[in-house]
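Undergrad: Have a look at this one.
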Amino acid sequence: MRKIIKSDMAFLLLFASEFTFYLLILQTGIVEYHNSNMAEIWMVPVGGVIGIVASIFVYKERQWLTPTLLFLQLLLSFHYASANGIELFLLGLISGLTAPMLIARIDRFWIVVVALAISYTYGTYYFDVLALERTNIALFLSAIALLSSLFAQMQRVKKTVEFISLFSAGSIFLWLLLDASLFETLSRDNTMYLWGNDTFTLNIIIFHIIGLVVAYKAIDYRYNSSLLFALFILTYTLYTFEWQVALSIVYPFVISYYNVIILRALMNLPYAILAVMAISLWGASGLGLLVALSQSFSIAWGILALLGVIYLSEDIKRILSFQTPTSRSL
């Protein structure tokens, strides 16, 4: 029992530190340091995709492979911001290899919810630290991840294997694309930005945690897809009308809610399918950055409209086939 508890706590810290590393270092730190210049940072997503594909062939060795990768991440963290192309590729590769392995390891879902709460709290609090000054953060998170990986039992025998419909996979992709488009746009909006604005730090942390708790309690709610669609409409409306305070409440809630739903949908997938989904999510994140760089938020509204058409067509199809309304898989 003690070994199980120690392993679970180690995995909690491992998941939290790696997720935070992605948020503060890969997703925002490197991008900010290079001023969103895709010509300089393109090696990160390339490494990520290659890492995900490679993980399909090596994930059975994850017990020893994970600490090895995290040790390399620790070394690269000493000068992550000014990393050259090869080093950026390696950082992406490490993230691509470890992310699906961590998701596949999830067995007690509450552990991941707590890990996300830690990650969102830490990430939000330190978001205002300039990219060039995040080296100590990168080293701290990498060290925690490395030490935790030595005690976390990474092997897991799935008690159940689940599959995902094309509709659900498409919904997940579009949710992340909608989030990435808004988040990256907000980060470049001198008027509406939230993260890094001390006025809203407490709001963001509180409603991140509330979103996690509500999503965990409603994990099997049959209308989660429709609810998230409505929440994204509300979030986009608040941004469009520049209601910043309301956005600082609703948007963190939405981020937490959909991430819980996504992780629950992915954790029991066969590993190869999980890897394919992970690649699509990397793609959605990159496309969101491109939407923000285009400085045309109408594109994001168009994506939201597309999601609405997909949901409407599903409902019409169900009505025409005279099926009793059943829950969507998300």
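Placement of Cβ uses the backbone N, Cα and C atoms for every residue, glycine included.
TrEMBL lists these features:
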TRANSMEM  12-30  transmembrane segment
TRANSMEM  42-59  transmembrane segment
TRANSMEM  64-82  transmembrane segment
TRANSMEM  88-104  transmembrane segment
TRANSMEM  109-125  transmembrane segment
TRANSMEM  137-154  transmembrane segment
TRANSMEM  161-178  transmembrane segment
TRANSMEM  198-216  transmembrane segment
TRANSMEM  223-239  transmembrane segment
TRANSMEM  269-291  transmembrane segment
TRANSMEM  297-313  transmembrane segment
Undergrad: Same-chain Cβ contacts of the transmembrane segment (109-125) under 8 Å, 6 or more residues past its ends?
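TA: Residues packing against the transmembrane segment (109-125) from afar: 8, 11-13, 15-17, 19-20, 23-24, 195, 201, 204-205, 208-209, 212-213, 215-216, 219, 252, 255-256, 259-260, 263-264, 267.
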Undergrad: Within this structure, do the transmembrane segment (64-82) and the transmembrane segment (161-178) have 3 or more Cβ pairs under 8 angstroms, counting pairs 6 or more apart in sequence?
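TA: Contact between the transmembrane segment (64-82) and the transmembrane segment (161-178): absent, because fewer than 3 Cβ pairs are under 8 Å.
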Undergrad: Please figure out which one of 64-82, 223-239, 269-291 racks up the most CB pairs under 8 Å against the transmembrane segment (297-313).
TA: 223-239
Undergrad: Take the C-beta pairs under 8 A between the transmembrane segment (88-104) and each of 12-30, 42-59, 64-82. Which stretch has the highest count?
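TA: When the Cβ pairs under 8 Å are tallied, 42-59 comes out ahead.
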Undergrad: With Cβ distances under 8 Å as the criterion, find the stretch in 12-30, 137-154, 198-216, 223-239, 269-291 that has the most pairs with the transmembrane segment (64-82).
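TA: Answer, by Cβ pair count: 137-154.
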Undergrad: Sort out for me which stretch, of 12-30, 42-59, 223-239, has the most Cβ pairs below 8 angstroms to the transmembrane segment (137-154).
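TA: Between the stretches 12-30, 42-59, 223-239, 12-30 has the largest tally.
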Undergrad: By a Cβ-Cβ criterion of under 8 Å, what residues six or more beyond either terminus of the transmembrane segment (223-239) are in contact with it?
TA: 168, 171, 175, 178, 182, 185-186, 192, 246-247, 250-251, 253-254, 257-258, 261, 297, 300-301, 304, 307-308, 311, 327-328, 330
Undergrad: Excluding the flanking five residues on each side, which residues at least 6 beyond the ends of the transmembrane segment (269-291) place their CB within less than 8 Å of a CB in that stretch?
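TA: Tertiary neighbours of the transmembrane segment (269-291) are 27, 31, 36, 38, 45, 48-49, 52-53, 55-56, 59, 96, 99-100, 103-104, 161-164, 169, 172-174, 176-185, 297, 299-300, 303.
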Undergrad: Could you pull out which residues elsewhere in the chain have a CB under 8 Å from any CB of the transmembrane segment (198-216), counting only those six or more residues past its ends?
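TA: Contacts of the transmembrane segment (198-216) (Cβ under 8 Å, skipping residues fewer than 6 from its ends): 109-110, 113, 116-117, 120-121, 124-125, 127-128, 244-245, 248-250, 252-261.
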